[in-house]
Amino acid sequence: MAPDSGPFPDGQLLKLLPVDPRDRDTQRCRLGPAAFRSLGARLGSPLRISLPAGGCCLCTAWPRRDRVDGFVQLDPQCASPGARVATGRIGMDCLQPVPCPPLRRLEVWPVLRPQAGAPSSAAVLEVVHELLRNRPVSRGHVVTTPPGVPGPVAALHVMGGTPDPEPGGWVTPHTRITLSDKPPPQVEPPGEVTLGGLSETADSLRELLRLPLRYPLALAALGLAVPRGVLLAGPPGVGKTQLVRAVARETGAELLAVSAPALQGSRPGETEENVRRIFQRAQELASRGPSLLFLDEVDALCPRRGGPHRAPESRVVAQVLTLLDGIHRDREFVVVGATNRPDELDPALRRPGRFDREVVIGTPTLKQREAILQVITSKMPISSHIDLGLLAEMTVGYVGADLTALCREAAMCALLKNEKNQDSPKIEETDFLEAFKKIQPSSFRSSTGLMDIKPVGWEQIGGLEDVKLKLKQCVEWPLKFPQEFARMGLTQPKGLLLYGPPGCAKTTLVRALATGCHCSFVSVCGADLFSPFVGDSEKVLSQVFRQARANTPALVFLDEIDSVLGSRSVGTSGCDARERVLSVLLNELDGVGVRTVERRGSKASQQECQEILSRSVMIVVATNRPDVLDDALLRPGRLDKIIYVPPPDQEGRLSILKVCTNNMPVGPDVSLENLAAETCFFSGADLRNLCKEAALFALQENGLEATTVRQEHFTEALKTVKPSLTLKELTFYENLFKKGLSNLEDD
């Protein structure tokens, strides 16, 4: 249905409506009959329109399909740089017919897409002719390429022509189009760019780039060598590309961004030719002012050399090294490479004189995630009840791209939930909780170990109150109350050992610990580690800790550690795989395995207590055979806290039975107190199995219509479910606790 018509609402004002989808990328302006008559325009007449949000665009006049006055719709495909179409009202005096004589010659500056590589001038001109065919253009305006149109060109800057296309000119089939050799003046005006969570890294990169680009002669006079190449390393999605573009914009440098895989050619020598062409183009830009060449995914272009079948890659690496060595002649030329696999780069590329400096962007910390969320949600209608600090705590391991996807999914949930109120949707906390189910951290994908857990609350574990308190003191309290711990001179333990009889909820306690801490959780078992190949198990364990350090705060859980690690004092001869895995674990606990590329951030004195503690990695191990563990693992500084998880006493068994029967229709004749007294030597797993068997007996007796579990069903279940613990085992653990490990356990 057409909107209500009128001559001109609010006097001589036209209401600006969104462009008709059928008019996208046509450069058309839809007007009513009265506006046509007022302007004296004809069908297809060029119009120069001043936009209410700033800037102007060049369109052709076309009548509205519903012939309603008082409204205007336009497609700003040819507009001034930075122009933006926003809803509002514009006056009739903002619409001016302009003459557009046919152009004999037109000069443009193409803006290439990042993945375009180094296309030839003929390929670029072919796309330019197709894009500008039979269109009006204006000097200083930018013509954008429609989305989905293939080709290397993203946009065109109109530089000039004959006759001068100011205020307008018409491109005809006879117009001779050439590519300008001079870039447009200040295509992107410098200004501070909001980089959520990257301000510290941006400052480091900005200082590295600003000095050689702005003060090359002064540095040469002082005899200082400035870096010619900078390598950005970090996981995918942290914002490496965005950071380089923002810093180049702020420093006023001309940015030439290239995706390294796009330079790969199919025929021999084509890749080297593309690389030379890109460097030549960057040096031409440097001859006119500061220039920055950005090579994204540089590891695809310069992999580690070696092997008989890698001759083509070796030639490409040699070509890049030669070109990097020749940069010193251009004082206003800097190369920036980005990779998420720095270890795959050829070592010759990472020496001084080529990539002199390396800037590491790690997975965002707590404060950085909060800053990123503030930037992303600044233009979103979020509820005032949403605590971004709490969201930042819940998004451990999320990079900038993950947080963007999370907010986008939350917005979609809000939109679908409020379909009837789409004019003013509001994003609530429930929308973010729903989005958490669909958006997982990208850094957890394709990783060793279980990265996600089914949430378990402390209240779902019956008994063991002393053990729960000790676990909270060791892990939860340092993360939630860092200032109090710092005031008392306390530090978080490096490692925790849980030992006790089987079935006493050791693994469930760790799951509850990970649920309450909002930290990354990595669970590793023996099957994940052991491999038939020599050295593979140690490599996997190192990778687990590297992954955990990249997603701090992190909790690494090694279940049944006695089956994973060996002891150098009992029953082994020589150096088997288990002893080598033990050696790697000891080194990781001591911090020997931390690589330089994983360190990030500033000095600890410049960080808040919470930010420091949230960078920690804690290991929790569980076993029912602590007597076979190596003594070096049990000393303070490695597994600082050793906690005995005892079998439940009568009070603990009663608490466990209450938890197990919480969702079970138990009859009034059932006495949980008597059951707790009759189940001596039952572990927590045995009690849960007992309740399940009683429920099954109720179904067997009364059929599928059964509604109650009575005392007789529990009595029958006691005849089949036997305790898994024996007096001998309990005596063994009690003696072990009192004699063998008492010096490390503070009871």
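Note that Cβ sites are derived from N, Cα and C of the backbone, with glycine treated the same way.
Per Swiss-Prot, N-acetylmethionine is recorded for M1, and the stated evidence type is similarity to another entry.
As annotated by Swiss-Prot, ATP 1 binding site applies to G234, P235, P236, G237, V238, G239, K240, T241. Cβ neighbours within 10 Å of P236 (ATP 1 binding site), excluding its own Cβ and spanning all shown chains: 13.
DSSP classifies T507 (ATP 2 binding site) as helix under the three-state reduction. Marked as ATP 2 binding site by Swiss-Prot on the basis of sequence analysis: G500, P501, P502, G503, C504, A505, K506, T507.
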By Cα-Cα distance, the member of binding-site residues G234, P235, K240 nearest P502 (ATP 2 binding site): P235
Sorted by sequence, non-G234, P235, P236, G237, V238, G239, K240, T241 residues with Cβ within 8 Å of centre, ATP 1: A338, N340, I361, V399, G400, A401
Packing count at G503 (ATP 2 binding site) (other Cβ atoms within 10 Å of its Cβ): 20
Separation of alpha carbons, G500 (ATP 2 binding site) and P236 (ATP 1 binding site) (Å): 41
K506 (ATP 2 binding site) to T241 (ATP 1 binding site) - Cα separation in whole Å: 44
Distance from G503 (ATP 2 binding site) back to T241 (ATP 1 binding site), taken between C-alpha atoms, in Å: 50
